[in-house]
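Feature annotations, courtesy of Swiss-Prot:
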{"type": "BINDING", "residues": "R52, K142", "note": "substrate binding site"}
{"type": "ACT_SITE", "residues": "E183", "note": "active site, proton acceptor"}
{"type": "ACT_SITE", "residues": "K225", "note": "active site, schiff-base intermediate with dihydroxyacetone-P"}
Amino acid sequence: MSAFVGKYADELIKNAKYIATPGKGILAADESTGTIGKRLASINVENIEANRQALRELLFTSPNALQYLSGVILFEETLYQKSSEGKPFVEILQENNVIPGIKVDKGVVELAGTDGETTTQGFDSLGARCQQYYKAGARFAKWRAVLKIGPNEPSELSIQQNAQGLARYAIICQENGLVLFVEPEILTDGSHDIAKCAAVTETVLAACYKALNDQHVLLEGTLLKPNMVTPGSDSPKVSPEVIGEYTVNALRRTVPAAVPGIVFLSGGQSEEQATLNLNAMNKFDVVKPWTLSFSFGRALQQSTLKTWSGKKENVGKAQDVFLARCKANSEATLGKYGGGSGTGLASESLHVKDYKY
């Protein structure tokens with residue numbers, strides 16, 4: 001029995017289980033103002049609130065796309081925004097059986113005593129902010145920790161600091177009614193092979209779940225948002241089947257069965273590659289006590305963004321592209337994706353070194 005004593009236990013378990021519904025996944029639309037500015041700049045669109053709102057409205061009102069989503073991660077600005085018709089985005093999502101979530105961290109800062117490793121900030125007034133987000137309709141939260149693989153990295157200090165930070169955030173969120181996404185992202189930057197990534201992933205996840213248990217976090221009211229286990233960005237590529245096997249094995253060794261779902265970040269992979277890898281994991285024939293799904297940002301939005309290009313007349317076409325990507329990833333969560341949605345834009349790599357958002 002969990003030592004969790006918060007009043008929201010039943011609600012947390014119910015919401016986490018729903019988010020992990022097979023066939024559904026997460027749209028990560030929580031880019032900071034600076035990061036979405038870079039995305040808009042790539043299509044020559046000015047970074048003003050009206051344009052940020054227009055992009056989010058395009059996504060949230062795409063006909064038939066939301067049936068493939070169980071949650072959407074929002075940035076604070078977006079949590080309070082409305083559609084052009086005056087309807088709050090939160091209501092639009094809720095009416096389509098999509099749970100709104102919120103990014104609660106404030107980005108990373110350098111961890112003193114390390115060679116450029118980082119820790120995540122955002123604990124100031126976190127409890128009060130969670131209360132406000134809950135009142136606004138959010139029912140889950142995301143906190144991103146970032147680790148890197150290098151000659152001596154991640155250091156033990158970095159692993160422990162980030163694990164303890166994730167656990168501290170987790171219990172504060174749960175005490176205020178928010179399911180938490182635990183996101184210890186190991187960057188793909190580097191020339192390491194897939195076995196090295198697997199070993200580091202296992203070490204980091206083991207530390208995270210030790211810290212979560214020490215903080216009496218209710219695991220049934222959490223989801224894990226990890227990196228896929230892949231070779232470094234400067235290493236030779238391997239097949240989706242190899243990535244699927246290494247990833248699932250690493251998770252089976254470290255993630256308790258009490259966790260209802262694991263939703264992967266795309267980590268700069270192309271849209272199509274991320275989908276193929278997710279499909280391979282779900283086809284890998286071993287016992288998996290949790291659902292394996294997606295929590296993609298760039299890998300759901302990039303070709304949609306390019307198709308839209310900030311023009312009203314392109315909204316319909318862009319929404320069709322978004323629907324196709326949502327459907328493809330839904331199929332991948334069931335191990336039923338046959339490929340073929342990756343022509344053109346969907347095959348472009350989205351890797352950004354030392355990615356921050």
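Cβ atoms are placed via backbone N, Cα and C, with glycine included.
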With the residue listed as 'active site, proton acceptor' as reference and a Cα-Cα limit of 10 Å, the qualifying recorded positions from R52, K142, K225 are K142, K225
Within 10 A of the CB of K225 (active site, schiff-base intermediate with dihydroxyacetone-P), the number of other CB atoms across every chain shown is 24
A correct count of other C-beta atoms within 10 Å of the C-beta of K142 (substrate binding site) gives 27
If you count the other CB atoms within 10 A of the CB of R52 (substrate binding site), including all protein chains displayed, you should get 22
Quick note, K142 (substrate binding site) and K225 (active site, schiff-base intermediate with dihydroxyacetone-P): C-alpha atoms separated, nearest Å, by 9
A correct count of other C-beta atoms within 10 Å of the C-beta of E183 (active site, proton acceptor) gives 24
Between the C-alpha atoms of R52 (substrate binding site) and the residue listed as 'active site, schiff-base intermediate with dihydroxyacetone-P', the distance in angstrom, to the nearest integer, is 25
